[in-house]
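J.: Below are the features listed in TrEMBL for this protein:
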- B:7-24: transmembrane segment (TRANSMEM)
- B:30-48: transmembrane segment (TRANSMEM)
- B:55-73: transmembrane segment (TRANSMEM)
- B:79-103: transmembrane segment (TRANSMEM)
- B:110-131: transmembrane segment (TRANSMEM)
- B:158-174: transmembrane segment (TRANSMEM)
- B:208-229: transmembrane segment (TRANSMEM)
- B:249-274: transmembrane segment (TRANSMEM)
- B:286-307: transmembrane segment (TRANSMEM)
Amino acid sequence: MTQFIDMLLIGIGAGSIYALMAIAMVLVWRSTRVINFAQAGMALLSTYIGFELVQRTGNFWIALPLAMILGALFSALVEILLIRTLIKHSTTGPVAGIVPIIATLGLLGFIRATIGFIWGNQDIQIQPPLSKVGFKIGEDTIALSPMNLLVLLTVIGMVLILGFIFQKTSLGLSLRASAYSPEIAQLAGIRVGAIRTIGWAIAGAAGAAAGLLQTVNGTGAVSPDSLEFSLLLTFGFIAAVIGGLESLPGAVLGAVVLGLVLAVVQIYVSGTLVFIVAFALLLLVLLIRPQGFIGAKAGRRA
Amino acid sequence: MLKKHPLFGFILFGVILFLLSNRVDELRVFQGATVAIYVIAIASIILLTGYSGQVSLGHGALLAIGGYAAALSRNYWGAPVWLTFCIAVLAAALGGYLLGLAAARLSGPYLAGTTLALAIGLPSIANQFSILGGEQGLLYDIGLPPTSLGADFTQYKWYFWISALAALVTIYWLRNVMNSRYGRSWKAVRSNDVAAELAGINVGRNKVLAFTVSAGVAGLAGALLAMTISTVSPGAFPLALSFSLATGAVLSGVTTLGGVMIGAVTLVAIPEIVDTVVHRFESSEAVANNLPGLLVSTLLILTVLFVPNGPVEQMRARHEKRAKR
Amino acid sequence: MIRTNRRKLALTSAVLAVVAMTASSLPAQAASDPGVTSTSIKLGITVPMTGIAAPGYNKIPGAMKAYFDYVNANGGVNGRKITLVIKDDQYIPTTAVAKANELILKDKVFALVGTLGTASTKAISASTQLAKRGIPSLFVNTGFSGFADKKAYPTTFSILPSYQMEAKIMGKFLKDKYDGKKLALIYQDDDFGRDALAGFKQAGVSFTTAIPYASGSQSLPATGAGWISKLKAAGTEVTVLFGVSSASTAALANAYAAGYKTQWVLGSVGGDATTIAASNKAYVPLLFGAKGFSFAPAPSDSADEYVKLFQSIYASAQPTQTFDNNVVAGMSNAFLAVQAIKAAGSNLTRAGLIKTIETKGASLANPFLTPLGYSATSHIGATGYWIGTYDQTGALKPDGGKYTVYTTDSGNGPVVESSYKRPAMPAKGLPN
């Protein structure tokens, strides 16, 4: 029985990490309609900035929001310099699909090399602000720690705040409109360019939070080529797809489902099957219900 | 004359290459083989993305299928080399067919993400079945060049001849395919799939066919790649390879085969040029390790920003603009 | 018109490629071996300097260069100064082959040294035809048992004992010390881990719980927690970690978080405390009491004459870097290479160097605490391990206060305690 409870907690804990990334990806998708590899790069850079801030202020709780703000600014800068030029110079057609991906890939490489140049290619470490030791229930330590709780609460907080912005504010409406149909939004008087920049800024902040929290919740170590970040990108994407790329609560649900399924495989079947199962799950969802569990049918095609 | 008989042009080019391979040093010959392989792989992406409009970020997985199929058929059945290449093409095409069936219902980010997940999951699939040799991989030895070519004929020259011949044949064949009714129907679906459906094209089947053909070509590239490193292992087909190929396709101009050499040469030349530049300056480790990555990424971003359709299309567009004046 | 332009461009790019190839035609090669002149020797190494495998390993070339520079400053080897050309292969076999080709064909190195990674080394060996060209590949940094086979790899010399050998020695230790206790094993699910399984089987060890993990999955959030959950349920008392450092870190950290206590036994690859410390200083105390295996002197052992020398050389060459296992490994490799080159004499040829290592390699002075197995029939380097326990600072201290080395062969031979006494270090650590 304890193993079952353990498995649930482990699955939800992992799911909350995937959810952080998934939220950032859904954000980028909903406000800009671009798959952004640079998102991972900017999350990485924000994590390093967070590291510097923790070093200088000694306080994680100051470093986190500051890193998010800086992440937002940097993300907006990327949008202005890179994405706008891209859109200006490219045409429609197949190029429009693949060129932004390649450009953001190039940006990822650029960020990685810059980080390596400034901070070196060895791991740097960020100490977690809360304990990672599980809570004790009587004699047993369960698989839930204060750090896990922090991540969970952050995920819930992000979903609530961002959901509010998207659904209940005019900014959110402008964001959704600009992403869905830029020409019509422009006709309606929305300054599409500025709105898109704001969308990227929000995504940058979310990515910064995802990067920092995921790092301190894991081993606390990060390097320019961290495997963790690459894996998070993929698994965050799988989680987002399972839940539906259009919906924030969906992203969280998808992440939890993914986390639980993998925990079951890990504990009751065999740890060697994780990647295969994740991929199979992705394929299954795409074949049976491509819009995800929560997404609306209209949102599937780009 | 070249316009009327493109086959002649290809043959001529082939002869020039073969003559040159005798005059050039071994490193260049080896790189030439690599360029030829990239030409084939990039062409497969141009077919899939440029002509059929489907984005794949995991083409490395299809190359891997080809490479493993070639190695396995050689090691376990002792198949002659040309047969291993055919098996590689068929195996990868089968993989592409299955992937295409799933992909036909997807588009945009879903397809990109799915192919990405495949590329990431591939190594662990390789580790599941011990017949695939795990992380160390399998040996793939195509043997020595035939003695009829002389004792001086080096292994790398042999690789180059095989790869270059394969590249010439593949590009020639692909060019014909893309100018055929299949190519036209792919382009039609890419531009407007609803209209194409109305015009009587079975969109789903069309897309699956594109995936299958593209995968087969990629499989050939994978087998040739395995040949040049004499081994096949999951590490030889990392995510970075899939990204490099997509990059090469964009650099070449993803909508046309004409510039495919540009992407291939760039992928091979840039790292070496950058390496030489970096080693010229006795620099700190931080610089030496990261400057190559920095330069390559910067070049990529600049190219993608300012020549996004590829140089060939760019020239054509400029030419059209001039003609209109 | 349009087609002409497109064709023009295609033709131009093709011609350009051809011209580029021609422009680098080189004259015929000189008669003596490349990479060696009367005043210099050029060696080459391909290693992951960037990429996922880089942290830790990318210190090796810098460490090697530090020792070579020290030797050069003191007159070189037989009057020749050594240069090391370093290429980043990012742990990808195709890149490794391309870089090795550059080293061999463009930089014209005399020999390769310290190549890292099984898949990369195999690919380099096969593709660049090291055997046919007679290019020595010295002291490869991999535990793949195949490299010991002289027939298959006549110019390659390994330095690490194979993983199978390590598991055999570990197995004997487990049976001797923890007989009757519940044993668990966490291992990487590929040839690295399966080599170990074979070794454990040879030693006759049986595990109550064996947990394989897919390479890479140790970096996912839930994986480590899942392992500990399984171990808790099985109630194991001794846990063997035969994986990479990131896996050891995941296991240790999650055990700590779950309040799970066990006796850890770490394999040499994943037991590198400094790599673990690099990932998070807070985890180093978690190693306290864990068992570890090594065959070089411990980096913290300043009483060891080699360690003392290496520490001072490294401190002046790379003052900002920490002195750890990777540094010791790199400098030891370099030391052995220099000894071999010196022993090969003034008339230095590739074939001569290979012959020298085969005939004299086992008797060359070197920092390793196990005997080297080089001979006319074997290209195995180190043949054993000593066992130690980690202290609170993450330093591995030999059990019983002195290095007791256990050796074995790569076949079915038993594990025996070795009576090998390491020869004294030559004066000032320079080749003799």
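Cβ atoms are placed via backbone N, Cα and C, with glycine included.
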J.: For the transmembrane segment (B:7-24), find every same-chain residue at least 6 residues outside the stretch whose CB is under 8 Å from a CB in it, and list them.
T.: 1, 32, 157, 160-161, 164-165, 168, 171-172
J.: Among B:30-48, B:55-73, B:79-103, B:208-229, B:286-307, point out the range having the most Cβ pairs under 8 angstroms from the transmembrane segment (B:158-174).
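T.: Answer, by Cβ pair count: B:30-48.
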J.: Would the transmembrane segment (B:55-73) count as touching the transmembrane segment (B:110-131), i.e. at least 3 C-beta pairs under 8 angstroms with sequence separation of 6+?
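T.: Contact criterion met.
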J.: Cβ under 8 Å to the transmembrane segment (B:79-103), counting only same-chain residues 6 or more beyond its ends: which ones?
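T.: Same-chain contacts beyond the flanks: 54, 61-63, 65-71, 73, 111, 114-115, 118, 142-143, 162, 166, 207-220, 222-224.
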J.: Tell me whether the transmembrane segment (B:55-73) sits in contact with the transmembrane segment (B:30-48), defined here as at least 3 Cβ pairs under 8 Å among residues 6 or more apart in sequence.
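T.: With 3 or more qualifying Cβ pairs, these stretches touch.
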J.: So if I exclude everything within five residues of the ends of the transmembrane segment (B:249-274), which remaining residues of that chain have a CB under 8 angstroms from its CBs? That is, six or more out.
T.: 31, 34-36, 38-39, 42-43, 45-46, 49-51, 171, 174-175, 178, 291-292, 295-296, 299-300, 303-304, 308-314
